[in-house]
């Protein structure tokens, strides 16, 4: 069985990629990050999520990105914006962007992959992300892959982005087809202390809209509903 590494949070995108990897027959090795994020409820969800997909091993890496701040997810002085409708969502880079986060995460994943002899790395970036986050764009992924093959001894590394051309509603549709239980995920940037999603941050707004477009009720609990 071919080994592969996945960058996994406790979100809907990660769950969908896990299901795709399982369908494709990979031996899955997962890596997650406790980087001081405001939404660390995802770490509690991801522990349960990886059990569903018979992940061979799951590493949680501690990194203190709060030392730099610069994002609403890593700096308590920057508030998470809330919205009433998808029409209100920002068109430029939002304050929830964590500078260089995917570069940091992919670098760790690359090291992990080389150590276990895996040449395939999966990440759940997609169309809805690439419009706002510079490190989710196809050209970024292509450039990182080129760097990875220059920087490692193993060579032949492929960065897989199975969701890259999908909108959020297409991702949910794919996951539902593959039997993903989205009840065990959380996407919220600003969850309550008891891990309820706010329902109005950028991530919640996009997620709720995606389920609505699929005529399916989002199975998780929200503060407002």
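Yeah, the Cβs are placed from backbone N, Cα and C, and that goes for glycine too.
Database features, via Swiss-Prot:
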BINDING   8, 9, 10, 11, 12, 13, 14, 15, 16, 17, 18  ATP binding site
BINDING   188, 198, 201, 204  Zn(2+) binding site
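Swiss-Prot feature annotations superimposed on the structure.
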| residue | record | contacts (Cβ under 8 Å, 6+ apart) |
| --- | --- | --- |
| 8 | ATP binding site | 14, 17, 18, 30, 31, 32, 46, 49, 50, 58 |
| 10 | ATP binding site | 41, 42, 43, 44, 45, 46, 49, 184, 185, 186 |
| 12 | ATP binding site | 171, 172, 175, 180, 182, 185, 187, 207, 210 |
| 16 | ATP binding site | 124, 163, 171, 172, 174, 175, 178, 180 |
| 188 | Zn(2+) binding site | 39, 41, 197, 198, 199, 201, 203, 204 |
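The secondary structure of residue 14 (ATP binding site), as reduced to three states from DSSP, is helical.
Among the binding-site residues 18, 198, 201, the residue whose Cβ has the fewest other Cβ atoms within 10 Å is 198.
There are 25 other Cβ atoms within 10 Å of the Cβ belonging to residue 204 (Zn(2+) binding site). Of all the Cβ atoms in the protein chains shown, 26 others lie within 10 Å of the Cβ of residue 14 (ATP binding site).
What surrounds the ATP site, by Cβ distance within 8 Å of the Cβ centroid and not counting 8, 9, 10, 11, 12, 13, 14, 15, 16, 17, 18, is the set 46, 49, 124, 185 from the same chain. What surrounds the Zn(2+) site, by Cβ distance within 8 Å of the Cβ centroid and not counting 188, 198, 201, 204, is the set 80, 82, 187, 189, 190, 191, 197, 199, 200, 202, 203, 205, 222 from the same chain.
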